[in-house]
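Read through the structure below, which is laid out as structure tokens, and then see the notes.
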Amino acid sequence: MENMFRRVIFEKKALDYPMGRDILRQFENTDIEIRYSETGRITGIPGKDEAQSFFEGKNTLVVGVRRELDFQTCKPSANYQLPIVSGCAAMCEYCYLNTHGGKKPYVKINVNLDDILSKAGEYIEKRKPDITVFEGAAISDPVPVERYSGALKKAIEYFGKNEYSRFRFVTKYADISELLAVQHNNHTTIRFSINTPRVIKNYEHRTSSLEDRIESAYNILNSGYKTGFIVGPVFLYENWKKEYEELLKKASDKLGDKELEFEIISHRFTTSAKNKILKVFPNTKLPMDDEARKFKFGQFGYGKYVYDKDDMQEIKEFFINNINLYFNKATIKYII
């Protein structure tokens, strides 16, 4: 995977940790700009307008220390978020993180990983004998920066040694070769977000191809991990059924007889997300016509535009029928 970043900003305290010093060594003697923050405040990322600020933020890696060690909950997919990375290097036009990362949404690696995992251990102890599940990709895609941090590898090993814990994350990236030989003890699930080639080309900028994601899922399974696919967001456009069936068939050609879990997520958007997207991607082709959708209040107190009842029924019937057709041992966790 090519380097995605134009600049790296190190919090001074990050250099007190072995991971911080190791990451610095990796960027020394390269053409990537290195800066330092004495206070931990991240400044100096250029941007004359909202669009430029967004893209320059995406091209910035921050190496810092996680100060707040209490974990956020992550229901229904897990008990807690595991805050090893925040922000995402991908530039998916539809992403809900577009409204959560500020005007300059940089990627941050937290180098005090031992402290974070120790805190995870406290949560595990409190919930014993129940299993505690941690989600590593709630506010990030951690795979693009794994080459610098090794944090996923260490987390997988940590949870693999604890019978009362499980770890899971999802990615749009295929660069998982360094995780294949990790001692995971079948405690980690690595899922892949997939979509039609049309959607990937138009909206999922700076991510791996569909073919590479499927190949990586195959390699993950062969290394003993559990895996699955998030198909989403599902868009209803001309010939959508044909293209999504081709997507499922392509995955089936490689994984049709494997145990997989599917999560199907239809496209939805909020007014604030739409306004942000139109500023950053003024020529976007995203279907965001309020009149063509149903308005629905969400659990967090704000409303979103979703497909109506008839469209959702069509989506559910399509994916249930075709997943059952192309996959022998697949389960569908949800279709929303």
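Cβ atoms here come from the backbone N, Cα and C positions, even for glycine.
So that you can see what the record holds, here are the features copied from Swiss-Prot:
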- 215-232: DNA-binding region (DNA_BIND)
- C88, C92, C95: [4Fe-4S] cluster binding site (BINDING)
- 74-305: domain 'Radical SAM core' (DOMAIN)
C95 ([4Fe-4S] cluster binding site): tally of other CB atoms within 10 A of its CB: 19
Entry from the binding-site residues list C88, C92 having the most other CB atoms no farther than 10 A: C88
Conformational class of C92 ([4Fe-4S] cluster binding site) under the three-state DSSP mapping: strand
Model confidence over the domain 'Radical SAM core' (74-305) (mean pLDDT, whole number): 95
